[in-house]
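Participant: Following this message is one structure expressed as structure tokens.
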Amino acid sequence: MLQLLVEFFSLTENQAYNNMSSKYTVTVLGGGSFGTAVANIIATNGHVSRLWMRDAARAERCQASRENTEYLPGYPLHDNLVATTDLIGSVSTSDIVVISVPSQSFREVAKLAAPHLRKDTIVISTTKGIDADGFFLMSQILEQELTDVRIGVLSGPNFAKEIVQNQYTGSVVASEHDEVLKCVQQVFSSNTFRIYSNPDRYGVELGGALKNIYAMVTGMAAALGCGHNTMAMLLTRSLAEMGRFARELGADSMTFLGLAGMGDLVLTCTSDLSRNYRVGFAVGRGKSLEQAVQEIGQVAEGVNTLRIVKKKAEELNVYMPLVDGLHAVLFDKQDLQQVIQGLMTGEMSSDVDLQGGL
């Protein structure tokens, strides 16, 4: 089986990308776990890789120890990776800029980078979230703040820790620019990290943001001791809600059958490596939302996304019972068991909307 995986990840598509002679300069803005993992892949692939951090002391420790002790302790970084606090010098000389910061900081960082980007720079977002002020996805913020650049997103079932462990991983790059798709596949792909392409940037990005909500739902279910039947029901109903919501916003609901939809949903909803899953698990065990967020010590994007999506779903009149139920528990302080009973005894509905796609 392992040999089959090795052969799969070494198929001609990835071989072609990795054998190309072009050497790129890439800056990753954001020294968290995923930004570090991405920067490390790029460095390992032989490109110039810079990892920008705000905190000078952190950057110095990372550069000296060859390890991101705060977010990926115990995993050595490639010698080609340079940790820096020089944003201007880094982005002004980069072919590709990757923004990998929490959604609350995304616009600020985009504004910092904007005056220093070269024309036609490829700018990639890896942030999975939604800006509450206008319901903007991260790539839409890039369109608002940047000019004369080519924009894309990278999303999928990707835990940073497993990426740096060289676990076999698939991800999706999405952009309306074919050259962005090809370039990211070339620069980011490796023998253990396989990049697929999709022109539906909006759908890919929505999938990455929405699944965080449902990870909290399944985390709660796990804390309550629910069985496999329950988890299967929750996953499939979550996918249906995601597809319904995305279709109303103009995305291709079929995107949600791929890595950025179903793939990311399954990963995030079934693993305690997920921060959002752990928040849900803690709440299911009786802790308040505030206690749960404090306990994990890192940003759980699903908490903010839930508020935003609940409001938007009401505006669009989209049926999202899991979103409604989770919001009732976390923010309206309704009893969890009563909410569950309400979901199970609510109005009957169809399983799959064949005309709509999901």
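Keep in mind that glycine also has a Cβ here, set from the backbone N, Cα and C atoms.
Positions annotated as active site, proton acceptor by Swiss-Prot: Lys211. The feature NADPH binding site is assigned by Swiss-Prot to Ser33, Phe34, Arg54, Lys128, Ala160, Arg275, Val299, Glu301. The sn-glycerol 3-phosphate binding site feature in Swiss-Prot is assigned to Lys128, Gly156, Lys211, Asp264, Ser274, Arg275, Asn276; the stated evidence is sequence analysis.
Could you place the listed features in the three-dimensional structure?
Facilitator: The secondary structure of Lys211 (active site, proton acceptor), as reduced to three states from DSSP, is helical. All protein chains considered, the CB of Lys211 (active site, proton acceptor) has 31 other CB atoms within 10 Å.
Same-chain residues at least 6 positions away in sequence with a Cβ under 8 Å from that of Arg54 (NADPH binding site) are, in sequence order, Gly31, Thr85.
Neighbour density for Lys128 (NADPH binding site): within 10 A of its CB lie 29 other CB atoms from the protein chains shown. According to DSSP, Lys128 (NADPH binding site) is assigned to coil rather than to any helix or strand.
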Participant: In DSSP terms, helix, strand or coil for Gly156 (sn-glycerol 3-phosphate binding site)?
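Facilitator: DSSP call for Gly156 (sn-glycerol 3-phosphate binding site): coil, neither helix nor strand.
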Participant: Based on DSSP, name the secondary structure state of Ser33 (NADPH binding site): helix, strand or coil.
Facilitator: helix
Participant: Considering each pair of residues in Ser33, Phe34, Arg54, Lys128, Ala160, Arg275, Val299, Glu301, all listed as binding NADPH, report the largest CA to CA distance in Å, no decimals.
Facilitator: 23
Participant: Please report the distance from the Cα of Asn276 (sn-glycerol 3-phosphate binding site) to the Cα of Phe34 (NADPH binding site), rounded to the nearest angstrom.
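Facilitator: For Asn276 (sn-glycerol 3-phosphate binding site) versus Phe34 (NADPH binding site), the Cα atoms are 15 Å apart.
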Participant: Measuring Cα to Cα, how many Å separate Arg275 (NADPH binding site) from Asp264 (sn-glycerol 3-phosphate binding site)?
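Facilitator: On Cα coordinates alone, these residues lie 13 Å apart.
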Participant: Measuring C-alpha to C-alpha, could you say which of the recorded positions Gly156, Lys211, Asp264, Ser274 are within 10 Å of Val299 (NADPH binding site)?
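Facilitator: Of everything listed, nothing lies within 10 Å of Val299 (NADPH binding site) (Cα to Cα).
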